[in-house]
Amino acid sequence: MSGGTWTPLHPDEDKFLNTALALVKKAGTVVRSAFEQPSCDVHTKSSNTDLVTETDQAVEKLLIDGLKSAFPDHKFIGEESVAGGQKFEYSDAPTWIIDPIDGTTNFVHRIPMIAICVGLAVKKQLRAGIVYNPITRELFQAQTGKGAFKNGFPIHVSSTKALNRSLICQSHGIHNLVKFGEQWMSITLENHRRQCLAGIRGGGLEDRERNGFVNSGFMLESGNEEYSTSAVSKSVLILQLGADRSDSLVNSFVNNYKNTMVTNDARGHRSFGSAAINMVYVAQGSVDAYVEYGIHAWDVAAASVIVNEAGGVVVDPTGTKFDVLGRRVLCASSSELAKELSSMLTHVEYEREA
């Protein structure tokens, strides 16, 4: 809960956070400089939609090297390090959980919704979180029991408790389509339909037939191959559901979502395109709830502290206790809203990390 009694699990927790803040700000200048360039070198990891850039790798190295220098006995879980083969180790030692650029696809397409994420766990309890968007210069931070802040000012979740007064943020992730195939499409479309008919004020996603796909208008480089985003398979699509919730329009909406996701193999549909941004926007009251399956610890560790300290609720989508290694998250402005949203979702299982 926001602003509760602060009882440190380690006497140097303040020092840990302040050191990380300085490094995150330094890393922000690296990301901002790269973002301003007309092109970037893009590579893929597990699939064509799982992207990495040299900036991701450089920023993670900067953060880990700086923290290791200050705290040699600390442990690290970094997205790019794990992708490169480093062992995933979550122990009682102070452990930094790092995503150098959450929203790499946004970064590649020059959409300014990205975040440097640094979370700190002590004795396997999340204690602090930093989420920094260096493009918009929004710096979110929190420590357990000390409240949540944006650019130094306290933030709080909205007062929304009912689904029909909520703005819901969802990111379904191509990784789920890869893992579950057509079953995932049936699940996600039904989840969308239930929320729309329940009267949510809005959600992520756009009518492809009206507005097509977003062409970022700059060149990307993949190895030696240059290409523009003239194909749907290399595009980021934005789908938007308007105020009309008639059965025919809702059915059209979900069918368009399916068509662009499956038939044309779009790179992704976006709410904000970053789990951390989705979550901190819940924390500051801009969005009322967010749910996603298939995420990783580095996507949500830092932001989950911020949501909790802003007075929000972070749980597993089933309504049970949140597990940072559980690969699923639901956060909301209130327990009432979390319970209502959870009750209408069809859930999918993921193996726990580590």
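Cβ from N, Cα, C; glycine included.
Per TrEMBL, Mg(2+) binding site is recorded for GLU79, ASP99, ILE101, ASP102, ASP299. A C-beta separation below 8 Å, combined with a sequence spacing of at least six in one chain, links ASP99 (Mg(2+) binding site) to GLY78, GLU79, ALA115, ILE116, CYS117, ALA276, HIS296, TRP298, ASP299, ALA302.
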Remaining residues near the recorded Mg(2+) site, that is with C-beta within 8 Å of the centroid of the site residues GLU79, ASP99, ILE101, ASP102, ASP299: ILE98, PRO100, GLY103, THR104, ALA115, CYS117, SER274, ALA275, ALA276, HIS296, TRP298
Binding-site residues listed as GLU79, ASP102, ASP299, least Cβ neighbours within 10 Å: GLU79
CB contacts for ILE101 (Mg(2+) binding site) [other CB atoms within 10 A, all chains]: 29
